[in-house]
Amino acid sequence: MVRLKERFSLFFNNRWLVFVAAMWIQSFAGIGYLFGSISPIIKSSLNYNQRQVARLGVAKDLGDSVGFLAGTLSEILPLWAALLVGAIQNFIGYGWVWLIVTGRSPTLPLWLMCFLIFIGTNGETYFNTAALVSGVQNFPKSRGPVVGILKGFAGLGGAIMTQIYALIHSPDHASLIFMIAVGPAMVAIALMFIIRPVGGHRQVRPSDGFSFSLIYSICLILASYLMGVMLVQDLVDVSHTVTTIFTGILFVLLLIPVVIPISLTFSQETRVPSEEALLSESQKQDPGVSGHDQEIIFSEVEDEKPKDVDLLPALERQKRIAQLQAKLAQAAAEGAVRVKRRRTPHRGEDFTLMQALIKADFWIIFFSLLFGSGSGLTVIDNLGQMSQSLGYDNTHVFVSMISIWNFLGRVGGGYFSEIIVRDHAYPRHAAMAIAQVVMAFGHFFFAMGWPGAMYIGTLLVGLGYGAHWAIVPAAASELFGLKNFGALYNFLTIANPAGSLVFSGVIASSIYDSEAEKQAQQRHPGQWNGTSFFSSFLAVDEPLKCEGAICFFWTSLILCGLCIVASILSMILVYRTKTVYSSLYGKSRT
């Protein structure tokens, strides 16, 4: 009995159990990706026009991206408390929206509706923060795969919750809003005491590589399965029994990863886990030099090394830099030289937010993210209207599809960008540039409105958008350090709602309502005589509705151009940081 109790204690404190629980929470944390499904019912119930819906979308994007409070509370409170705060916010925000849409509560002004959407979606930032903090702390040497998988499941949440909604089979579309209010909160509360740091760096096992491979395999199977299910449900009128079977298989796939911590805990393996170093070998302190001087010596190399060193092959460059480091360390230890002390760090060292804000590289990342992810978020927010304008009745299938492709983009973006930096010592943003070119093609397909273009555009934009959120966090930590990573990352995420504010809240909504007004004038010419473009937004008896590819033609072309600009910015960053990545990863190649 004592041994069994000890086994259960080991199981509860296993880092893989924490990781799997974080995956489950993230599977229901993709609240923002369902806005395209709930926006049509909000629009019709509250008699909004497209510009008003776009403002709700911007509020949703702000709630999804402004995570300063979540990051601060996660440092003060235990992670379970942060998850509880997020669950309460999610329930109150979307629960109140559901009451208003269903007529159970009085209608509120638009600005208060935006506030409720913001509060409800902001709960997602607490789920993300708790999952990522526990994952990074428990897997310090596997940040790339862990962040990619966790962010990927957040992107897949829209498809998972849509499938559960299909199981409910409710004719009331507002019930999806109720599910968004209740589902993520219930999952977070059920798992909140599992999500925590458990000293994962002391639980390294030789089987970890196989465990990650199993997780990746499940990710691919899960995405493929959901895609197949969504296509079948879109093309064939399936019975409720078949939908129940589909959903049951989905839950089985989500539960399979828990086999990893169970097998590690209850198997007969007697190997004692090894400990994972929290610092790389190059950062370990020389016995003759203090830690503060050691940090200064390594950064001093950047100033003292000859200019031609960066042009040498990787092996020779590393030897020369190591020799220079050794000479500086010895000279400083003997007091023969006085090491210059800089106030600002070099790229690859730990930056504060204020130090990063005066660096051109940081702003290149920001604007590349603004143009790239902002254009993708504009599509996600308007996907319901885009599909309706092209004659598709079931908008949920495209919301689910872009959620799946977003998931694969995050997992694949983290995987392939890791290959670029680990195997080739090349800047990670090269993968970002490729993803943004892929997105440009997706926007072009949306603009053309050809038969099947919605499917192709959703695929390309979803993959490209998802890749941003696997590549940017890793690149930011590599160029500006991990010490203040939370503040740096949360600042960069502001680019997402900022892009949506301009591209969706101003450009897309204005063009849509303009085209809708032209079509209304053609249908009812007598009712629109003398009505100006701007006055149509001030008093509208019925929501403006646009039909045809023209509704988002110019918007999609503009977004296509912005993605090309973002790709150029990413390649500029690649050119500027090649030497940094050679220093960081060149040694591991040799």
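Keep in mind that glycine also has a Cβ here, set from the backbone N, Cα and C atoms.
Database features (TrEMBL):
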DOMAIN    15-262  domain 'Nodulin-like'
DOMAIN    356-519  domain 'NFD4 C-terminal'
TRANSMEM  16-36  transmembrane segment
TRANSMEM  107-127  transmembrane segment
TRANSMEM  148-168  transmembrane segment
TRANSMEM  174-194  transmembrane segment
TRANSMEM  214-233  transmembrane segment
TRANSMEM  245-266  transmembrane segment
TRANSMEM  356-377  transmembrane segment
TRANSMEM  397-417  transmembrane segment
TRANSMEM  429-448  transmembrane segment
TRANSMEM  454-476  transmembrane segment
TRANSMEM  488-512  transmembrane segment
TRANSMEM  552-575  transmembrane segment
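Most Cβ pairs under 8 Å with the transmembrane segment (454-476) belong to 397-417, among the candidate stretches 107-127, 174-194, 397-417, 488-512, 552-575.
Among the listed stretches 174-194, 356-377, 397-417, 429-448, 488-512, the one sharing the most Cβ pairs under 8 Å with the transmembrane segment (107-127) is 174-194.
Across 148-168, 174-194, 245-266, 429-448, stretch 148-168 shows the highest tally of CB pairs under 8 A with the transmembrane segment (397-417). When each of 429-448, 488-512, 552-575 is scored by its Cβ pairs under 8 Å to the transmembrane segment (356-377), the top-ranked stretch turns out to be 488-512.
Between the transmembrane segment (488-512) and the transmembrane segment (429-448), fewer than three CB pairs separated by 6 or more residues in sequence fall under 8 Å, so the two stretches do not touch.
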